[in-house]
């Protein structure tokens, strides 16, 4: 019995040792997990081990970049308003079903959001589909509008070429039933005005028509079911050579080599009214009703563009396809040919800077009764334009002003803070853009140097003698000229002098 008891005791000891070891192992694992979590979160001092960066395809814009952007926006908005457009805004996200099926093969680039409350949502891909939804929802049949806002695409960004995942679009659209090609011609005139105003260099606006493309596909032997996918392939001709596009059509999309070769004969043509006349006589295209309609409207468009005096920058180009599904008629795209600054590297790398077209069926897709509202519009590729302007300014010696301050309120002696505060308050109340240094007794030289560095054109100096005489010494920073101005006349004097800057 004693031996049995000894064996049982020994077994129990072994079991306990094993259990203790298992417990120790479990504790060690938990400690290791906690240490790993602590390492990820950082040390006790609160130092976090993560990289400070913006998400892929996005960027921050500092004061200099924003000054450039505001300049460009001002020119674009001014043009839109000159043509009588109203402004609207829509939510940054839409119901997912609103955006689905509107962008062809590009639909895969839509950002879907996690369901946060019973609605499936997506970030807007462009401003055109939300505009069509807005028209249908509010039963609007006639509007000329512009909309400048951010859109989102899950694209492979090329930031140096102005290609982002979050970016601004500047859209101008005319909705309503009008006589053919008059609104379309105005959209092209707007593109011409904006690109000329921004002085981006030489450019060409390529135009085509979806009906001409569809007619061309039909006479070349493309099955109806492949029209849109073949259109997306043709749309790549501005980026890759014809051989690659042909290979994609035949190898990936199952088009016959004969049909691809026939398409190749057409898509390499470009010109003006002469080419339109030539195609109207084409034995195949002229027999296709859809293509003939498109060519007839294209001829009319060129007649209006001639009256606008801009045909020198317009090219009828059969390779232009624009892959978005919603286009139904005229399509166009503005491309920079070269930069007017010899310091810029890779001048042709920026590519398209504006695009648009006619989309007569999009609003009807949202209307419960399918009522159509004809629309035509243009989108300015503002991010690409910004990248050109930024490169140009980087290469030049031009200094960018990041504020609009008209005058710095300065003091010539010590203990004049109260007088500076009284004067700057008077200027602010009068609508003058004014600054002062946040020191009780700043040196006059430091105040003047601040104006030199920031580009402030005027300095209003208060001193003991000036206060006695009821005047303010106004200094013109560029010439260093100084004049005494009566206190009551100061606001008007600043307005006159800054209007001349």
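Including glycine, each Cβ sits where the backbone N, Cα and C put it.
What TrEMBL annotates here:
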BINDING   126, 127, 128, 153, 169, 173, 322, 326, 327  L-histidine binding site
DOMAIN    1-55  domain 'WHEP-TRS'
DOMAIN    57-389  domain 'Aminoacyl-transfer RNA synthetases class-II family profile'
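In the structure shown, the C-beta of 128 has more C-beta neighbours within 10 angstroms than that of any other entry among the binding-site residues 128, 169. Of all Cβ atoms in the protein chains displayed, 23 besides its own lie within 10 Å of the Cβ of residue 322 (L-histidine binding site). Summed and averaged per residue, pLDDT over the domain 'WHEP-TRS' (1-55) gives 67. In this view, residue 126 (L-histidine binding site) is surrounded by 19 other Cβ atoms within 10 Å of its Cβ, with every protein chain counted.
The number of other CB atoms found within 10 A of the CB of residue 327 (L-histidine binding site), across every protein chain shown, is 26.
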